[in-house]
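Trainee: Copying in the features that TrEMBL gives for the protein in this structure:
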- Tyr54: active site, proton donor (ACT_SITE)
- His116: substrate binding site (BINDING)
- 19-286: domain 'NADP-dependent oxidoreductase' (DOMAIN)
- Lys83: site 'Lowers pKa of active site Tyr' (SITE)
Amino acid sequence: MAGKKISIKLSSGCEMPLIGLGTYARKADPAQFREAVEWGIDAGYRHIDTASSYKNEEEVGEGIANKIKQGIVKREDLFITTKLWNDCHGEKDVIPALKESLKRLKLDYVDLYLIHWPVSVNNKGEDMKIDFLETWRGMEAAVKEGLVRSIGISNFNELQLTRLLKSAINKPVVNQIEINPTLTQHKLVEFCKKHSIVPVAYTPLGLISEARPEFNGKDIIKTDPKLGEIADKYKKTRAQIALRYLIQRGIAVVPKSFTKSRIEENLNIFDFELNKQEMSVVDSYNIDHRCVPGTIFAQHTNYPF
Ligand SMILES: NC(=O)c1ccc[n+]([C@@H]2O[C@H](COP(=O)([O-])OP(=O)(O)OC[C@H]3O[C@@H](n4cnc5c(N)ncnc54)[C@H](OP(=O)(O)O)[C@@H]3O)[C@@H](O)[C@H]2O)c1
């Protein structure tokens, strides 16, 4: 099957497919990462999202290499994103960290490199208080060296973005943040768009953890009847409606699945359109609930939430 071409132009001039395959899992058999990437590429994903902190770049790289070897895709058909972890925020630490990621991925460049969080830590998790403007200079140097096509950030709030935009030579092309029907983030999304920064939704399904009983019944992807009616109308699933809702707001999405049928399902969202009223139904689920609150960084300088 041909790859999904539906893409958006970044301010760097590069094209990014609107849907990417997320690859984070707290617990997984390493082979699952490779397998998911292979299934994803076979299904038509051309955008893959990983990070050095996911400890899966080796396997993600194997999956990519296998599909290139089999002649299913060429490197230039793919859009690969990885991320700089918080313990490499010194200006001089960025390129070495990126080179390690490239080695694990078996690539000579990535399409997009992101500062994973605006906070910096050392290897004991202590606050290093490194200014992300310094980190950004390292990111810009990586572009100059040809190791990365575009650079961006993740988990930055509006104030942090404003500061970065003032001093950046290469503007951040995306801000990867949590967005889903229960965390709609309209204000930050509009701010990003106004500054030609593409919002990328992580945790786009927003599945609420069962460990949070106070949110019982709020997990719309699993059970919500109104969302179910919209899904039935288009012969889609609730998850596809959630992803479609984001795409229609001009937001790129990186859903993760290690289930072959869901990997395929999540990509199949480009043959229908939600009307205005259906978009407002999905909007109405917002409860500003964060699946990823980053609480371990809550006491750190530049904690964004
Ligand atoms: N920048 C950041 O700080 C940050 C933070 C979090 C995540 N991310 C990125 O964003 C990606 C996605 O976020 P996420 O993994 O937290 O959450 P997600 O993609 O919203 O949800 C993943 C979960 O949903 C299930 N699922 C997937 N498709 C489904 C479908 N069609 N129907 C029902 N359930 C479905 C998956 O199960 P199965 O795997 O069992 O199918 C998995 O349990 C990550 O993998 C990572 O690449 C970035």
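Positions of Cβ are set from backbone N, Cα and C atoms, glycine also.
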Trainee: Can you tell which of Lys83, His116 has the least company, meaning the fewest other C-beta atoms within 10 angstroms of its C-beta, among these recorded positions?
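Mentor: Each of the recorded positions Lys83, His116 was scored; lowest Cβ tally within 10 Å is His116.
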Trainee: Within the domain 'NADP-dependent oxidoreductase' (19-286) only, compute the mean pLDDT.
Mentor: 96
Trainee: About how far apart, in whole Å, are the alpha carbons (Cα) of Lys83 (site 'Lowers pKa of active site Tyr') and His116 (substrate binding site)?
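Mentor: Here the two Cα atoms are 5 Å apart.
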Trainee: Which chain-mates of Tyr54 (active site, proton donor) that are at least 6 residues away have a CB under 8 A from its CB, listed by sequence?
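Mentor: Looking at Cβ-Cβ distances below 8 Å from Tyr54 (active site, proton donor), excluding near sequence neighbours, one finds Thr23, Tyr24, Ala25.
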Trainee: Please state whether DSSP places Lys83 (site 'Lowers pKa of active site Tyr') in a helix, a strand or coil.
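Mentor: Assignment for Lys83 (site 'Lowers pKa of active site Tyr') reads strand.
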Trainee: Using DSSP reduced to three states, classify His116 (substrate binding site) as helix, strand or coil.
Mentor: coil
